[in-house]
Amino acid sequence: MKIAIVANGQEKSKKIEKELKVLIADTNAEIEMNSPDIVITVGGDGTLLSAFHQYAHLLDKVRFVGIHTGHLGFYTDWRDYELAALVESLSKDQGNSVSYPLLEVHVTYGNNQQKKYLALNESTIRNVNRTMVTDIFIKEELFEVFRGDGLSIATPTGSTAYNKSVGGAVLHPRINALQLTEIASLNNRVYRTLGSPVVIPSDEWIQLKLSEHGEYLLTIDQLNFKEQNIKKIVYKIAKERIHFASYRHTHFWLRVRDAFICDSKVGEALE
Ligand code: NAP
Ligand code: MN
C-alpha cells in the first residue's frame, strides 16, 4: 500500500506527520507522494480540501483519511492521539470506502473557451464591483432572475461549510443533491427571487447566464479566481466522487451536533 501524507503548516501537524512516518515504516506500507493509494491529511477540513485538489486527477483510485489536530472536523475522523490505531487499521485494510458527491462547475466564456472545475465543498460566484444580475435556469427552463451579491452552490458535505453561513440547510451526505443558496439577494416590488435555498436532484442541473461585461470572483472551495468575460456557468453533480477509507463510522448527525451544538458526551448518543 502506498501512502501520501499531507500536513498543514502547524508545528503540531508536522510533529504528527513525523510520528506517523515512523509508525508506517514498521508496516509493509510505504510513503509515496506521486501515485498513492491512500492520502492521509493532518490538520483540519481545510487541509483535506487542499489534498483533494492536489490529488483530484487520481480520484478513482485514491482513498482519503483525515486526522484532525484541532476541533472535530467534517472530513477528519481520527484524532491525533489515535495514530497507532489508525496505522493498525491501515495494515488490516480491506479496501472499504465510503464516497460522497462532488460538484462539477463548467464555465463558458464569451470567446467560447471553456473551463471545468471540481469542488468538494462549494463554488460561489459574485460580482466584484456591482450588484450581480444573472438568469438562473434549472435544467433548460428559466427559473428566476437573481440580483444580489452572489450565489453559492454546495455539495452535501459542503452544506455545513459556507452554505450554512448563508442560511442553507445541512444535508445528509447520502443525499445525492446540490444546494443553491442566495448571498444577499435584492427582494422588493421590482425584483423577486425565491429567497430560500433550493435543493437540486442528481439528474438536474443549474445554469447561470451572466453579463459578459461583469467582473466576477469565482471560488472553488478554498481557491478563488478573478474572472472576466463569463457567459455561462453550469453546475451539476460530477461523475467523479471522493472516496474515504472507512475503518469506522462516525454518525453524521453526531458530527453536526459536536461541531455546532455541544459536546457529544452531553445528551444522548445518536445511533
Ligand atoms: P477557512 O477559512 O479555514 O475555513 C473556514 C472554516 O470552515 C474552518 O473552520 C474550516 O474548518 C471549516 N470548514 C471547511 N470545510 C467544512 C465543511 N465541509 N463543513 C464544516 N466546516 C468546514 O478556509 P479553509 O480551511 O481553506 O476551508 C475553505 C472552506 O471554508 C470553503 O470551502 C468554505 O466552505 C469555508 N468558508 C466559510 C466561510 C463562512 O462560513 N463565512 C467563509 C470562507 C470560507 P477547519 O478549521 O477544520 O479547516
Ligand atoms: Mn481551515
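Every residue gets a Cβ built from N, Cα and C, even glycine.
Quick look at what TrEMBL annotates:
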type	residues	note
ACT_SITE	Asp45	active site, proton acceptor
BINDING	Asp45, Gly46, Asn121, Glu122, Arg147, Asp149, Thr160, Ala161, Tyr162, Asn163, Lys164, Ser165, Ala184	NAD(+) binding site
Message = Cβ neighbours within 10 Å, counted over all protein chains: which one of the binding-site residues Asn121, Thr160 has the most?
response = Asn121
Task = Give the subset of the binding-site residues Arg147, Lys164, Ala184 lying near ligand 1, defined as CB under 6 A from any of its atoms.
result = none
Query = Between Ala184 (NAD(+) binding site) and Asp45 (active site, proton acceptor), what is the CA-CA distance rounded to a whole number of Å?
reply = 26
Remark   = Listed in sequence order, the binding-site residues within 10 angstroms (C-alpha to C-alpha) of Asp45 (active site, proton acceptor) out of Arg147, Thr160, Tyr162, Lys164 are none
In three-state DSSP terms, the structure that Thr160 (NAD(+) binding site) belongs to = helix
Request  = For the binding-site residues Arg147, Lys164, work out the Cβ neighbour count at 10 Å and name the residue with the minimum.
outcome  = Lys164
Task = Using DSSP reduced to three states, classify Arg147 (NAD(+) binding site) as helix, strand or coil.
result = strand
Message = Comparing the binding-site residues Tyr162, Ala184, which residue's C-beta has the most other C-beta atoms within 10 angstroms in this structure?
response = Tyr162
Ask   = For the residue listed as 'active site, proton acceptor', what is the secondary structure by DSSP, using just helix, strand and coil?
value = helix
